[in-house]
Structures are given as structure tokens and as C-alpha cells.
Amino acid sequence: MFITGYAVMAGAAERLVLGYDSFGNICGRKNTPVKGAPLSGQDMTSKKYVFFLNSCSLEMQSLKISSLSLCVSSCPQEQLNSLEDLQSFARNNGSCLCVYNLNISSYTLNPKAAELCPTLPVPPSKSFPLFNRCVPQNPECYSKYASVLISMVNEMDVFHRILSGILAGRDTVIGLSVLALALSFILVLVFRFIRTLLVHTLIALVLFGLLFVSGVLWWLYYDYRNDPSTELETEKENVKFLLGYAIFSTIVTVVLLSLTLVLRKRLQFTVQLFQIVGKIIGRIPFLLFQPLWTFLILIVFWVFWVAVLLSLGTAGTAQTTAGGQVEYRALPGICYMAWYHFIGLIWTSEFILACQQMTIAGAVVTCYFNRNKKSPPPHPVLSSISVLFCYHLGTAVKGSFLITVLRIPRIVLLYLYKILKQKENSCAKCLFKCCFCWFWCQESCLRYFNQHAYTTTAINGTNFCTSAKDAVFILAKNSAKFASISCLGDFILLLGKVFVVCFTVFGGLMAFNYHRELQAWVVPLLLVGFFAYLMSHSFLSVFEVTADAMFLCFAIDMETNDGSAEKPYFVDQELLTFVSQSNKLTEGQKHRSMRPFQDNEDGTELQPMV
């Protein structure tokens, strides 16, 4: 909030959203004069759009756009080929595309009109819906335009090419993102009503899709490598990325195929597991929509975060330059605020995800520890949200902070590794890889224990540290009993995530390869694949969190109660039978009692509550 307030006080947010010209005027409002700038201080209430005089050939000089920019009332939607066309457009639309001190009648008479008017021909353009810029619609001009605007925020060349490629293929990227969202939601419904046939169908689709995508990647790599027109640096980078994608896809295909062969005999238990989880979700149907609300909240936060970041990039004080133009010089300390802002991105995103996990865990706990299974408690999701916001926000903050502490060193190591790739230092590279993998493993383990700590908090109402300690104790005591069951569900969920990513990437391969004029399209395709994985993980995490919370409740139920009339179990017979049969298969015992989770030797018989 401090950074947001600073950006607003510095005028950056208003200049960014409304736009400003080269003379210190903010478009869409009345302006105050800037000393030494005769064209400043004008009333731009009716002129809401920023127009660059040289939109097809923008260049950066010291991270500033060299072209003059003006505030105009409308963007030219048709190509203008001459000064007469500019004059006619100004008279018919009331939008002057030349410098303010040049009268419309002088467009064709003033000898300096070529310097004071835009470069001809002027491409057709439309206003960008968020930042009120006249964006050229010609693909070549648009790509250059986007690349230069992005460089105002970050001067890294790779960053330029990636985001310009995304913006140049924005329709394709948006379409693929919607496809990933639709596939994720369909997959959630499939898992809700899963049957043996659906499991076999899903496995077949995933393996077939991986084989097909791997083949397409290898074919594209061969096609691009032998294309004689591949000369640009971005095209050579595409070839390298395609080779990496093909190798990675082939490895994933081989690994998943091997795991499928190993676990094929346990598919029936997987079906039973998802039927039990689906039964719990059937009692709480609003859990299926929880990832959608989380995703919408994340999108709003990310848009807000990007807006503040861009505001920081344009924050500064007005200074007059030669020719009466105005520049905004960056204030000292902005770079440190950007790093602080980046940490806030990670922490807040993890906090939102932690709130989702606690909401799901709280709803599952409420239903599990309900004596009357035929009459579930009313509004368990709303009840879980209210308990979270009233009592356990600190738990979510602490858990997300620990994830952030481990995430930041990993990002720093990745950045340093990219720098070392340009130097011949194999030992240092190997060390950074090992450190990166170590932090990644620690983060994965911490996520697993955090999730169970949230469930323990929902059960006992204790703080984060106490809940984490109790969760570790229970998991350590029952790890051998739940490991095989958890692996079954995680493997099928992994196949579901791979299914979404596989078909989204395949659609991207066809779309981007069809539009080869989008030079840097391989990295945007990687980001689309990451978005698809994020979507599938967000939706399928409902089943993952529900299953983990259910088994933790089961373990605590076995620890707390003894099955007697005074302390009966909360578990129903279906879950009890499933856990017992799964452990029989794992341990290879044909004759096993129905009390595998009791440590006492008093002979108490397991009597679940129905």
C-alpha cells in the first residue's frame, strides 16, 4: 500500500493510466503549465488518447521513446497516406495528429509540416483499452510498438522479445488460456463422477497426446533447423527452445508410460479413492467453484500489481529539455521499491492460495466430524471462510511467508545461473544447480506440511506453529500407512494436469506455427503451457486438498477415539474399508485385522459411525 500511495503521489499512476504527451500534458484532463514548456498547461479533457508520430519506427534512447507523442481525441482507424489525408481526418473527426501549434489549414502549406506531423503513411490504429494508447494494427508495426513500450519498464532484451511476442499474438494467447480454463473445468467434472472407464480413457488420452506432441515438436525442430530462411537471432532461439521442448516432452512421456505400467494393477483403488473424495465433494458442491473465485482474485491482484509496477517505472519529476519538451526523471530509490514490490507479489499470491487451502480444509473437517452423515452441516464453505477471516488469517500469513522465504533464493540463484551461462565456469554452474534443486525440494516439502498444518488448524483451532508440530507428529506416525494411498491419487491428478497442458500446448503449436511472422513465439508458448498447468493445478487441487484433509482427519480420529460407545469413530464404513484394503495390498497380507491404525493393545474393535 505504501508503494501504491507513493506512485499516486508522484503522479505516476495518473500519467500511466491516462497517458501523457511529450510536452508535459496528461491526456483527458486539464493541465497546469510547466516552466520552460510553452505547449504545456493545455486543456486535454476531450483528448484522451496518446498518439506517437512515428509509431512504426519507435526507438529507445536511454530508455526513453525518441518519437514525439500527442494527445488526440480519436485514433485513425484507416491508413493515412498524405498530408491531405491528415488534414481531412482532422477536419472530419476533430482529431489533430500534428503538433499543437500547427493549424489544420497549414498542414499542406507549412514547409516544416513533415517534421511536425506523423511519418507517412500513418497505419490504422485502435486505442488500447487500459492505457489509452493508439496502438497500430499492422502486425509488424504492432510488434515493434509493443517491444519499445515494454522496454520502458524493463531494459532486458529477452524480456522485450517475450512480451512483444505475447502482445503480437495476444488473440492466440487469450484463446489458449480460455482453452486451458475450459479443459480444467471439464476435468474437474470428470473427476467428480469418475469411473473405471474414465480412468482408462484419461490415461490413453494423456499418453497418446504426449506421444503426438513429442512427435510434432521433433518435426517442427527438424523443419525449422533445415529452413534456409532462418537467419534472425529470435528464429535461432526458437530452434533451440524447440529442441529443449522435444527432449523434455520425450522424457516426460517415457517416465509417465513407465509409471502407468507399474501402477496399472492399482487403478481400481484409484477409482475407489476418487469416488470417496467425490462423495465428500458432493456434500459440499460449492468446493468445485472455489478455484474459480481464487483465480479471479489472483487475476485482479496481478493486474493491480502490474499497474503499480508500471506506475513505479514512470514515477518522477518533470524537467524541461531542449525544444520545449518535458521529461519525467526517475527518483532515487525506485529500484529498491521494485524489489520490495516483487516480494509482495510472491507473498500475496501464496497468501491467496493458502486461504483457498484453508477454506477447503475447513469445509472438509466440518463434514468429516459431523455425527449425522446423512445430514451435512449447512453452508460449510461460508462457515470455513468466516472462521478463516475471524481467527486464522495469521496462520495463512505465516505459511505463505515461509514459502516466500524459500522462493526468493531460488529466483536469485536462477538469475545468477543465467549470468554464469555466458562464462566458462562449470563448477560454479553445477553448484548453483545443486543449490537451486535443494531450495526447490525444501519448498515442495514445506508446501506439503503447510497444507496439513492448515488442516490441523481447522480441526484443533491452534496457531500455525502448534498445528505444524502436531501435523508432523501425525504424519510421521502414519506415513507408511498413507504413502501408497496418497501416491495413487497424486499420480492420477498429475495425469490430469499433463492432459490439460498437453492439449493446450498442441493447440498453441498449431496456432503459432501457422503465424510464423510472430518471431518470438516459442517462449510465449512456454508461458501458455505454464498458465495451463497453473489452471489445472488450481482446479484439481480441490481433490488433492480434500483427500489429504480426509486422511489427516482419519488419522486424528483413530488417535482420539477408540471405537467404544463413549468415544465412537467419525469415519464411515466406505472410507474405512478402502484404507484397510489398500494397506492389505501394499503390505502383501491376505489376512489382516480391521484395526491397522490402533497402537493400543486393549482389543477395542473398530466401530465407525454411520
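Cβ atoms here come from the backbone N, Cα and C positions, even for glycine.
Annotation comment: TrEMBL describes 173-194, 201-222, 242-263, 284-305, 338-365, 491-512, 518-535 as transmembrane segment. What TrEMBL records for 587-610 is region 'Disordered'.
Below 8 angstroms of C-beta separation, residues 203, 206-207, 210-211, 213-214, 217-218, 220-221, 224, 488, 491, 494-495, 498, 522, 526 of the same chain, each at least six residues beyond the ends of the transmembrane segment (242-263), sit close to that stretch. Using a cut-off of 8 Å between Cβ atoms, the transmembrane segment (491-512) and the transmembrane segment (284-305) share fewer than three residue pairs, counting only pairs 6 or more apart in sequence. Below 8 A, the CB atoms of the transmembrane segment (173-194) and the transmembrane segment (284-305) form 3+ pairs separated by six or more positions in the chain. Distant neighbours of the transmembrane segment (284-305): 185, 188-189, 192, 341, 344-345, 348-349, 352-353, 355-356, 359-360, 363-364, 367, 376, 380-381, 535, 538-539, 541-542, 546; these residues of the same chain sit at least 6 beyond its ends, with a Cβ under 8 Å from one of its Cβ atoms.
Away from its own ends, the transmembrane segment (201-222) comes close to residues 190, 239, 242-243, 245-246, 249-250, 252-253, 256-257, 260, 492, 495-496, 498-499, 502-503, 505-506, 509, 513 of its chain (Cβ-Cβ under 8 Å, at least six residues beyond either end). Within its own chain, the transmembrane segment (338-365) has Cβ neighbours under 8 Å at 3, 280, 284, 287, 290-291, 294, 297-298, 301-302, 305, 308-309, 312, 380-381, 383-385, 387-388, 392, 395-397, 399-401, 403-404, 407-408, 450-451, 454-455, 457-459, 541-542, 545-546, 549-550, 553, counting only residues six or more beyond its boundaries.
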